[in-house]
Amino acid sequence: LNVLCNNPHTADCNNDAQVDRYFREGTTCLMSPACTSEGYASQHECQQACFVGGEDHSSEMHSSCLGDPPTSCAEGTDITYYDSDSKTCKVLAASCPSGENTFESEVECQVACGAPIEG
């Protein structure tokens with residue numbers, strides 16, 4: 001999921017012309033006048049960037065998100081996992097996997113678990 005999907009568009013373009021661009025609005029992409037550097041040129045481009053496989057999966061949670069978080073261990077590495085209490089993805093330093101609740105990156109965790117994308 002592209003972090004630009006959560007960026008709001010602005011009305012002030014500093015004398016640049018506004019054009020119709022597409023922005024994520026909930027579970028779809030809608031057109032709105034914006035600066036040329038914002039949003040996406042087409043609805044398809046917006047959907048491909050903002051939704052897994054072009055579809056909204058925000059209400060679905062991958063089963064690995066519900067597993068046990070990693071545990072601390074001496075020979076471990078930084079592991080990203082889903083924290084079901086805070087409903088966010090976190091990184092635990094010097095940890096070892098203790099189940100399926102491990103992800104290659106924070107973005108992968110956020111997409112799989114429906115956690116908010118920050119940025």
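Glycine is treated like the rest: Cβ placed from N, Cα and C.
Small disclaimer: the values here were computed from a predicted structure and weren't measured.
Taken straight from Swiss-Prot:
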- 1-53: domain 'BPTI/Kunitz inhibitor 1' (DOMAIN)
- Cys5-Cys50: disulfide bond (DISULFID)
- Cys13-Cys35: disulfide bond (DISULFID)
- Cys29-Cys46: disulfide bond (DISULFID)
- 54-60: region 'Linker' (REGION)
- 61-116: domain 'BPTI/Kunitz inhibitor 2' (DOMAIN)
- Cys65-Cys113: disulfide bond (DISULFID)
- Cys73-Cys96: disulfide bond (DISULFID)
- Cys89-Cys109: disulfide bond (DISULFID)
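Shown here: features listed in Swiss-Prot, placed on the structure.
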{"residue": "Cys5", "record": "disulfide bond", "Cβ within 10 Å": "18"}
{"residue": "Cys13", "record": "disulfide bond", "Cβ within 10 Å": "16"}
{"residue": "Cys35", "record": "disulfide bond", "Cβ within 10 Å": "17"}
{"residue": "Cys46", "record": "disulfide bond", "Cβ within 10 Å": "25"}
{"residue": "Cys50", "record": "disulfide bond", "Cβ within 10 Å": "25"}
{"residue": "Cys65", "record": "disulfide bond", "Cβ within 10 Å": "21"}
{"residue": "Cys73", "record": "disulfide bond", "Cβ within 10 Å": "12"}
{"residue": "Cys89", "record": "disulfide bond", "Cβ within 10 Å": "24"}
{"residue": "Cys96", "record": "disulfide bond", "Cβ within 10 Å": "15"}
{"residue": "Cys109", "record": "disulfide bond", "Cβ within 10 Å": "25"}
- Note on the structure: DSSP tally for the domain 'BPTI/Kunitz inhibitor 2' (61-116), helix/strand/coil in that order, comes to 12 helix, 23 strand, 21 coil
- Euclidean distance between Cα atoms of Cys50 (disulfide bond) and Cys96 (disulfide bond), Å: 31
- Query: For Cys29 (disulfide bond) and Cys73 (disulfide bond), what Cα-Cα distance in Å is obtained after rounding to a whole number?
  - Reply: 43
- Translate the DSSP assignment of Cys50 (disulfide bond) into the three-state scheme. helix
- Task: Using all protein chains in view, find how many other C-beta atoms are within 10 Å of the C-beta of Cys113 (disulfide bond).
- Result: 24
- Query: Roughly how many angstrom lie between the C-alpha atoms of Cys50 (disulfide bond) and Cys13 (disulfide bond)?
  - Reply: 23
- Query: Is Cys13 (disulfide bond) helix, strand or coil when read with DSSP?
  - Reply: coil
- Note on the structure: For Cys113 (disulfide bond) and Cys73 (disulfide bond), the CA-to-CA distance in whole Å is 25
